[in-house]
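Student: One structure follows; several queries about it will come next.
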Amino acid sequence: MSNHTHHLKFKTGKRAWKPSKYFIVGLSCLYKFNLKSLVQTALSTLAMITLTSLVITAIIYISVGKSKAKPTSKPTIQQTQQPQNHTSPFFTENNYKSTHTSIQSTTLSQLINIDTTRGTTYGHSTDETQSRKIKSQSALPTTRKPPINPSESNPPENHQDHNNSQTLPYEPCSTCEGNLACLSLCQVGPGRAPSRAPTITLKKTPKPKTTKRPIKTTIHHRTSPEAKLQPKNNTAAPQQGILSSPENHTNQSTTQI
């Protein structure tokens with residue numbers, strides 16, 4: 001700010017000095033030629049010019065100072081805020097680094113815990129599978145239930161065909177006591193034991209067929225007006241015709257069926 005004001009003062013003084021310099025040179029020339037009256041008038045005019053120039057420079061200086069007085073407050077505010085701006089990123093970077101390292105450490109610890117828990121779960125599962133395999137190998141072959149298919153296209157009757165043949169283990173005849181089924185299936189000795197166990201085929205029970213009975217339909221015929229007029233002509237016939245009418249109707253209905 002101070003440099004700028006000094007520069008403006010120097011420019012205004014330089015502009016006022018040029019005409020005054022030429023004026024002084026002219027006055028000196030007139031003084032040599034002994035023109036006192038002219039010199040006095042010139043000196044008076046020069047004094048007036050210098051006074052006016054000084055007044056003009058003072059006015060310019062005051063106006064420039066007022067116009068530049070307002071922005072002078074802003075640099076002071078910026079200077080007070082600059083140290084805060086310089087120091088805040090340093091602290092934020094340190095905070096970011098510390099938080100980043102803490103997050104990484106927590107994630108790594110969580111991953112390690114997950115891996116250990118997975119290892120334990122896998123260990124339990126492998127032990128369970130091995131125990132199941134040993135149990136299945138040690139157990140004797142038993143009747144297996146047919147698998148349940150959720151689809152409706154395969155009916156459950158197809159599964160019974162696969163399970164009709166059942167394999168039985170080797171049993172000696174000495175264990176059978178009065179059981180005819182056991183005697184028919186047992187072997188006398190181990191030497192005669194067949195390569196394959198005998199199979200029992202179960203016969204399917206046929207389903208009872210349902211026969212639909214025919215439904216009887218009775219048709220009632222209306223008597224014609226000619227039949228009603230016949231009793232008037234014959235005196236004995238009307239009673240027979242009236243009595244025989246329901247029998248005739250039943251005979252007609254049975255014949256039509």
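Heads up, the Cβ atoms here are built off N, Cα and C, so glycines get one too.
What Swiss-Prot records for 1-37 is topological domain 'Cytoplasmic'. Per Swiss-Prot, transmembrane segment is recorded for 38-66. The annotation topological domain 'Extracellular' is assigned in Swiss-Prot to 67-257 on the grounds of sequence analysis. The feature region 'Disordered' is assigned by Swiss-Prot to 70-95, 119-166, 190-257. Taken from Swiss-Prot, the feature disulfide bond applies to C173-C186, C176-C182. If you look up Swiss-Prot, you'll see 204-222 marked as compositional bias 'Basic residues'.
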Student: Whose Cβ, among the disulfide-bonded residues C173, C182, C186, has more other Cβ atoms within 10 Å than any of the rest?
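Tutor: By the 10 Å Cβ neighbour count, C186 comes out on top.
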Student: Tell me the coarse DSSP state (helix, strand, coil) of C173 (disulfide bond).
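Tutor: It is helical.
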Student: Does DSSP give C182 (disulfide bond) helix, strand or coil?
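Tutor: In the DSSP reduction, C182 (disulfide bond) maps to helix.
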Student: Measuring Cα to Cα, how far is C186 (disulfide bond) from C176 (disulfide bond) in Å?
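Tutor: Roughly 8 Å, rounded to the nearest whole number.
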Student: What residues, ordered by sequence, lie under 8 A Cβ-to-Cβ from C176 (disulfide bond) and sit at least six positions away in the same chain?
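Tutor: Listed in sequence order, they are C182, L183, C186.
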